[in-house]
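Please read the structure below before turning to the comments.
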Amino acid sequence: MTETILEVTNLKKYFNHKHVVKAVDGVSFTLKKGETLGIVGESGCGKSTTGRMLMRLIDATEGSIVFQGKNLVDLSIKQMRAMRKDVQMIFQDPYASLNPRHTIERIIEEPMIVHKMGNKIERKERVRELLEIVGLSSDYAKRYPHQFSGGQRQRIGIARALAVRPKLIIADEPVSALDVSVQAQVLNLLDDLQKKFELTYLFIAHDLSVVRHISNRVAVMYLGRIVELANRDDLYDHPKHPYTKALLSSVPIPAPDFEKEETELKGDIPSPSNPPTGCPFHTRCPLVMEKCKTKVPQARQNSNGHYVVCHLYNDKEDMAI
Amino acid sequence: MPKLEHSPLQPANPIEIEKKTSFLRLLWHNYKKNKLAVIGLGIILAFIILAVFAGLIAPEGINEQKTGERLLPPSSQYWLGTDDFGRDILSRILHGARLSLTVGFVAVIGSVIVGTLVGVIAGYYGKWIDALISRGFDILLAFPSILLAIAIVAVLGPSLQNALLAIAIINVPTFGRIVRSKVLGLKEEDYVEAARSIGMKNSRIIIYHILPNSMAPIIVQATLCVATAILEAAALGFLGLGAQAPDPEWGRMLSDSRTYLQQAPWTVFFPGIAIMLTVLGFNLIGDGLRDALDPKMKE
């Protein structure tokens with residue numbers, strides 16, 4: 001068993017506007033060194049908020065984030081700044097995440113300047129090396145972001161994240177703004193980099209096939225909570241939670257004659273400022289039972305580490321169906 | 001292009017990208033499309049040159065009085081005529097350009113610096129400090145600007161320097177608000193969040209990411225503001241609160257000669273024209289810059 005690099009326990013984020021918005025409501029998971037955990041869910045389910053809390057870009061309302069033995073929630077601003085060297089982020093929109101007035105060299109060099117790594121010449125050398133690593137020509141260093149395509153920009157964003165040799169990378173929808181053909185290239189790049197630099201990824205996305213491609217384990221979020229978490233193949237081949245089943249059945253299959261089991265979801269995702277009582281999914285669940293409306297289901301885990309929060313499995317010791 | 005192994009990612013047209021894109025060159029390329037703006041720039045450059053070399057160009061000294069030659073109409077000797085002290089109006093206008101342009105530039109630079117500083121703090125840090133600063137702006141903006149300037153000069157005492165200071169103060173909220181609103185938008189930008197996630201300090205984020213990207217509206221507003229500053233300085237001069245006699249400040253010249261409006265209209269006409277031309281010039285430049293700095297120009 002490899003060591004645990006990140007342990008998130010009961011993480012919560014409530015926003016206090018007119019109503020309390022429970023954007024993230026008790027999320028727990030662990031990340032082992034070198035693995036990729038995918039987080040999927042509809043927009044507004046709190047997956048990006050979770051990622052931002054791990055970066056302390058927003059502060060958690062409750063819970064702990066233990067990274068390499070240190071609880072990030074308790075760190076001072078100064079300590080956190082030093083910690084950022086080990087945790088880096090890749091952003092969703094490659095058009096917005098690069099300062100339009102800076103050259104590529106400047107953009108990639110910046111984290112190294114901030115963390116006082118090397119001297120000027122070494123940094124420039126490293127920028128060139130990083131550009132080559134992410135599959136760009138080192139001749140591009142003096143150019144500006146607007147001279148690049150979306151895929152190239154995302155590679156630049158990845159190079160920036162790699163500059164300080166982080167251990168954990170939080171990728172917040174890193175390919176959702178890209179063309180499908182470019183998505184594959186970037187995903188493969190992330191895959192290669194993971195092997196090369198022993199990186200750990202937290203991969204946030206809404207695209208199930210993208211997550212399947214890159215993740216070792218997958219967590220499904222609904223209304224600020226993880227409803228199911230399992231090994232990739234386990235989750236995709238034997239989904240347990242009705243929500244996961246519905247999500248998976250909505251993935252288009254490139255075979256028009258294939259008859260698949262359809263689980264269609266009705267209605268909209270409820271407002272996180274006024275979540276339903278009991279199981280948060282009961283308003284849309286095709287298998288809703290009477291107790292779902294009042295009682296919050298407990299988490300259950302089987303011997304494979306397949307974790308699910310649903311009343312269907314609450315009464316069974318072993319969740320096998 | 002020496003390397004071709006990245007062919008699928010190569011830009012569609014490499015030649016296009018090979019062209020060195022300097023920001024200023026790009027700006028000029030967009031700016032010169034607007035003919036009026038080029039004219040405005042010409043006017044202002046002409047005034048600047050005239051002001052700088054006023055001492056060499058001016059045919060007479062500013063306070064050279066000839067009692068026998070009072071209120072002479074424009075002629076080959078006195079191109080713009082003489083005033084009630086027999087002073088050459090052309091020479092006075094040329095020297096006055098120095099005063100007016102200096103007041104315009106210095107006052108605006110002052111308001112830009114203070115306004116930007118305060119605006120960035122308000123926009124970036126938000127919360128109570130934003131409330132405090134914004135209410136301060138509201139208070140300053142609640143008064144008609146010229147009235148506020150008069151009040152400030154009345155407290156400090158009438159002089160060109162105090163007029164300059166007053167003009168600088170009344171324009172601070174204009175810049176402060178622009179910068180604040182720009183910063184409010186910029187701090188939500190992904191690249192600012194990226195900078196924060198890298199571990200960058202706020203001061204560094206402001207200097208390297210926020211300020212450079214909020215410069216465009218400030219430059220435009222500053223150019224337009226030079227025009228109003230010159231006008232305000234002239235107005236204060238006219239009211240006797242700015243430059244004092246015998247300084248050849250344009251507003252002052254207008255006010256000194258206004259009693260002769262009927263018998264010697266050129267004494268009022270030409271300083272007025274000078275004010276109008278500079279204000280027009282700066283306004284044209286401002287409009288041209290606004291179009292040229294439009295974010296959509298990125299081509």
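Every residue, even glycine, has its Cβ placed from backbone N, Cα and C.
The domain 'ABC transmembrane type-1' annotation in TrEMBL covers B:97-286. According to TrEMBL, the transmembrane segment annotation covers B:36-58, B:101-125, B:137-157, B:218-243, B:263-286.
Highest Cβ contact count with the transmembrane segment (B:218-243) among the listed stretches B:101-125, B:137-157, B:263-286 falls to B:263-286 (criterion: pairs under 8 Å). Remark: the transmembrane segment (B:36-58) contacts the transmembrane segment (B:263-286), by the rule of 3 or more CB pairs under 8 A. Same-chain residues lying 6 or more positions outside the transmembrane segment (B:101-125) and placing a CB less than 8 Å from one of its CB atoms are 47-48, 51, 133-134, 160, 163-165, 167-169, 171-184, 187, 202, 206, 210-211, 214, 218, 222, 225-227, 229-230, 233, 278, 282.
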